[in-house]
Every structure is written in C-alpha cells, then in structure tokens.
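Have a look at the structure below before the remarks.
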Amino acid sequence: MAAALRRGYKVLRSVSHFECRAQHTKPSLKQEPGLGFSFELTEQQKEFQTIARKFAREEIIPVAPDYDKSGEYPFPLIKRAWELGLINTHIPESCGGLGLGTFDACLITEELAYGCTGVQTAIEANSLGQMPVIIAGNDQQKKKYLGRMTEQPMMCAYCVTEPSAGSDVAGIKTKAEKKGDEYVINGQKMWITNGGKANWYFVLTRSNPDPKVPASKAFTGFIVEADTPGIHIGKKELNMGQRCSDTRGITFEDVRVPKENVLIGEGAGFKIAMGAFDRTRPTVAAGAVGLAQRALDEATKYALDRKTFGKLLVEHQGVSFLLAEMAMKVELARLSYQRAAWEVDSGRRNTYFASIAKAFAGDIANQLATDAVQIFGGYGFNTEYPVEKLMRDAKIYQIYEGTAQIQRLIIAREHIEKYKN
C-alpha cells in the first residue's frame, strides 16, 4: 500500500489489521454452510464503511451547500478522500493501489453520496476513467497511468460521449488515423466529468471509417495525456445538479498519440468501453442509493419534528405510509447494487444485474428525493433546506452512464436471450 494511504487510515482510527488484499474484500453475500449466503459484512468492509461515513458526515455535509452554490471544484475534499484511501480503490496493488472489489467500492460510494453526490461523482469519475486501463491495459500502461494516481491526488476522465452521440455510442464521430508510430485524433467530446481537471483521458475513437464495419471492430480506445498539444478544454458547464462536479466539452485537434497508448489493439475500443460499465454501473447505483437514504433520513427527521393539525407529521397515516414506501424502495435498491457487485466480484458476467441496479436505483433516488420535498412542503422548495438539492442532484442518475431507457433495453435483451437459450 502506498505510504500516503497508510497515513490516511491512521487519521480516523487504527486499522493495522487492514491488509488490503483482494482475497479479503469479498462481498457480504458470502457463502455460509446451510444458509447459502449471509448479509454480514467482513470486518474490513465495516472499517471502510465507517471511515467513509465519518468523512461524509463530518467533512462533506457541512460544506456541500457552499460547493453547490459556488460550483467550485471540491479539490480539498478530493485530496482528503485520497489521503483516507477512499479514492482510486480499484487500482491494483501492483500499481500501489488497494485492489478492492466492486462490492467494497460500492459500500464506500454509498456513504460518500450520502454526503454530496456532486463530490462523490467527481471521485467516482476517476473509477470510470481508470476502468478501461484496469481491464484492458498492459502492465506498462497500468504502472504508468494508474501508478501515478496513487502517488498524489490526481484525476482522470472517460471521454466517450459526443454532442450528437450519447446513448448511441456506436455513432461517435471522433476519428483516429494511424500515421507512422502515432495516431492522430480529431473530434469533439461532450459532458465529460473531470474534463478540466484530469491528468489523462480514456478516449474512444472511430479508427475504421467504413460504416459497414461492426462497432466491435470499428473503434479504438486510447490513453491520452491531458496536456497533449491540440487538446482544447471547454468551459465548465453549469448543470441543474451535482454542480461542484467538473463537466466540460473537449475538442481534439490533430492530437498525436503514440501507438503505445492504444488499449489492446485497433478495433478493441468498443468492447473495452462497454466492459467498463459492467464494473462501474453498480457503483453509480450505490451513489443513487446514498442519495435516496439521505432523502429518507431527512424526511423522517423532519416528520418527527414538524407538527400540523395538532400532531406530528409521522402521526398522520398518509405521511407514515409514504415513509414506509420510501424505506422499502431504498432497501430494495441497495440489494440490487449489492447483487450486481457480487456477481462481477465472483467472476461472472453481470451486465443484466448491473443494468437492473443502475435503472432501479436511479429511479428510486428520484422518487425519494421528490417524496422528501413533498414531506417538507414549502420548506422543501427552499434552498435553506437540504432536500431541494437532493432533488436536483438525483436527476442525473437516470441519464449518465447509460440512461434509464437504455438500461431497460439491455435488461430486456438479456432477459429474452435467457429464454431463447
């Protein structure tokens, strides 16, 4: 483990029993004789959860409203998360990282999102940017680009979406042409999280101009240094929610990239880009659950304090039933991301469960944020109270990393295919 990470863990409590090895990061749905599985977390998972929870409640929540209003990038919080080992959790131990599984990353993500999903998204975007390198990079690429992120707080970004190609990834127009030992990239990317803060990018390009070539062979993925000549970073976008997250457009104009920065080889980019989602969609779902849990907690506390018609809100059946519905939804959404994470950590293809988790948790986050505002009444519509921010922040969970509708297409395809086979 990197020295900085060791120092970070000592900040909150002694965790000398942490060995941070992959075999110690099994999901909570572990096999038990006679029962089949258990919901009990390992001691290490409980430690990670405690550290993340303490950080979110004591350091993120107090400043989240200010970051939301200013739109300032939360680098002090990101640096602190890096010191505590709550960022770059997927990076292999061979590159100086913790080598945690998806399940463990989800536990951390839920806690961070409870504090502020804008901060959590800035952190989680690193995992998305890193994932193509983690699953498809060679040893040299991993050590060079992942290793540097364990040495100091550093960001990366996943550059796939374009102005005219969001859900239709196969419709991207950014091109890469091979010229000698280099590739020349030209095109534009849009809505790139960490776009203006990244040290390097994963960039998906069309390397075969023939429209008849299938997507599985037409695209190539590159690692591109952010300071490469020809890269032009656009203005920071002012979004409806998650405002402290850095979202920008990026233009590539005759950007030269060495052939050593190709992941796997020409034509492998589409599979790499899509494969990354199987590992990151569970954590996105976990972020949505963190927001949903916050909405439930805020609504419940308010209903226990606010009186109307001579009694507490919770004493009105309509409100208590609404809280019950909210509680059911958040518990089921949590189980959905845990199942998706458990599947991939167990070495199984989890596309079906990852899409279920992403779609369901994203919808639940929006429903619970709306319900929380309703319970707060007029106060919920005011910026002095936390739930209006939750409602604004929640919407993006139905859009980024695959819209709610795209997830349903994937779920339907996977479901029907099972019956065909």
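Every residue gets a Cβ built from N, Cα and C, even glycine.
Just one of E124, E388, E401 is listed by Swiss-Prot for the same octanoyl-CoA site as S167, S216, D278, R281, R349, T351, and that one is E401. According to its DSSP assignment, F376 (FAD binding site) is helical. Cα-Cα distances to R281 (octanoyl-CoA binding site) place E401 within 10 Å, out of the recorded positions E162, G166, T193, K217, E401, T403. Take the recorded positions K79, K179, K271, H316: by the count of other Cβ atoms within 10 Å of each Cβ, the lowest one is K179.
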